[in-house]
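Taking it in order: structure first as structure tokens, then the write-up.
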């Protein structure tokens with residue numbers, strides 16, 4: 001009878017009588033997720049794609065393990081205080097933002113746009129140099145681009161642990177997860193079947209919920225539009241917007257604007273794209289504004305046209321007239337006409 005191996009990175013079934021000392025290739029370490037990179041603590045290979053992470057070959061050989069690891073016990077948190085006894089540490093104050101000065105005439109948002117001057121920091125130049133493909137990576141990409149599928153190639157479908165063993169593998173039914181992996185508050189599960197667990201090995205060994213064909217090659221998704229965390233602060237003469245996009249590509253990124261509108265287009269980490277258009281709260285001088293591109297973020301330094309404090313970064317859209325008030329006015333006019341008749 002075949003048994004399931006619970007070594008990390010294996011997930012294969014094995015015969016207990018044929019379990020030799022080097023039958024299993026696995027990871028003795030733990031999974032590491034940091035700054036969008038995924039890998040194992042026992043080896044140095046890192047990737048941003050979850051399917052590639054699951055297909056990273058083990059770095060240690062040993063016998064298969066049939067013992068399922070115990071799930072971690074969550075500590076029970078008790079409190080002796082009632083909710084009503086908890087008081088806020090600080091008094092609450094409501095601060096009203098200053099209103100824009102009425103004397104300033106706002107330029108038209110349809111003014112011509114100009115590209116803001118950009119400066120590339122030494123840290124970004126150094127980071128981009130490190131990210132250049134080595135000869136080994138270039139060879140791997142060339143192999144992936146070829147039509148030939150090599151023996152031992154892992155299926156790229158999520159949750160499938162099968163490898164290519166010949167033409168017969170194409171006729172097999174692939175059991176995989178059509179959704180995406182979700183890690184939230186210590187729980188791990190696939191969005192397509194919602195079977196939650198706190199143990200990473202149990203998550204990896206969950207059988208797929210969808211039947212289909214094996215996917216031996218990674219699909220080319222092209223550039224992916226993603227959100228970026230950003231914030232802003234101001235001085236007496238400048239507004240500084242910080243966009244936290246790592247390793248941006250200067251040749252493919254630009255920021256353009258006029259006196260009241262800013263258009264941001266950034267390509268970072270090779271294949272990620274961030275776009276945003278902001279209708280600014282105040283007025284700027286684009287000719288004296290600039291973009292500082294660094295390894296960990298991008299700073300857009302906007303020169304204020306007037307030395308005044310901005311209540312917020314963006315200008316709220318003008319609210320359209322309420323339709324209900326218009327309907328009431330029409331109804332009142334109709335009632336007056338009826339009374340005259």
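Note that Cβ sites are derived from N, Cα and C of the backbone, with glycine treated the same way.
Swiss-Prot lists 5, 10, 24, 64 with the feature Zn(2+) 1 binding site, giving sequence analysis as the kind of evidence. What Swiss-Prot records for 27, 42, 43, 59 is Zn(2+) 2 binding site, and it gives sequence analysis as the kind of evidence. Per Swiss-Prot, region 'Disordered' is recorded for 61-81, 313-341. If you look up Swiss-Prot, you'll see 155, 160, 174, 214 marked as Zn(2+) 3 binding site, on the strength of sequence analysis. Among the features that Swiss-Prot reports, domain 'CHORD 2' is placed at 155-214, with the record citing sequence analysis. Under the heading Zn(2+) 4 binding site, Swiss-Prot lists 177, 192, 193, 209. Among the features that Swiss-Prot reports, compositional bias 'Acidic residues' is placed at 330-341.
Swiss-Prot feature annotations superimposed on the structure.
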residue: 5; record: Zn(2+) 1 binding site; DSSP class: coil
residue: 24; record: Zn(2+) 1 binding site; DSSP class: strand
residue: 43; record: Zn(2+) 2 binding site; DSSP class: coil
residue: 59; record: Zn(2+) 2 binding site; DSSP class: coil
residue: 64; record: Zn(2+) 1 binding site; DSSP class: coil
residue: 155; record: Zn(2+) 3 binding site; DSSP class: coil
residue: 160; record: Zn(2+) 3 binding site; DSSP class: coil
residue: 174; record: Zn(2+) 3 binding site; DSSP class: strand
residue: 214; record: Zn(2+) 3 binding site; DSSP class: coil
*For the recorded Zn(2+) 4 site formed by 177, 192, 193, 209, name the remaining residues of the chain with Cβ within 8 Å of the site's Cβ center, in chain order.*
159, 178, 179, 190, 191, 194, 195, 206, 208, 210
*Give the sequence-ordered list of residues that share a chain with residue 174 (Zn(2+) 3 binding site), lie 6 or more positions from it, and have CB atoms under 8 Å from its CB.*
155, 157, 160, 162, 208, 211, 212, 213, 214, 215
*Let me know how many other Cβ atoms fall within 10 Å of the Cβ of residue 5 (Zn(2+) 1 binding site).*
22
*Could you round the CA separation between residue 10 (Zn(2+) 1 binding site) and residue 27 (Zn(2+) 2 binding site) to a whole angstrom and send it over?*
8
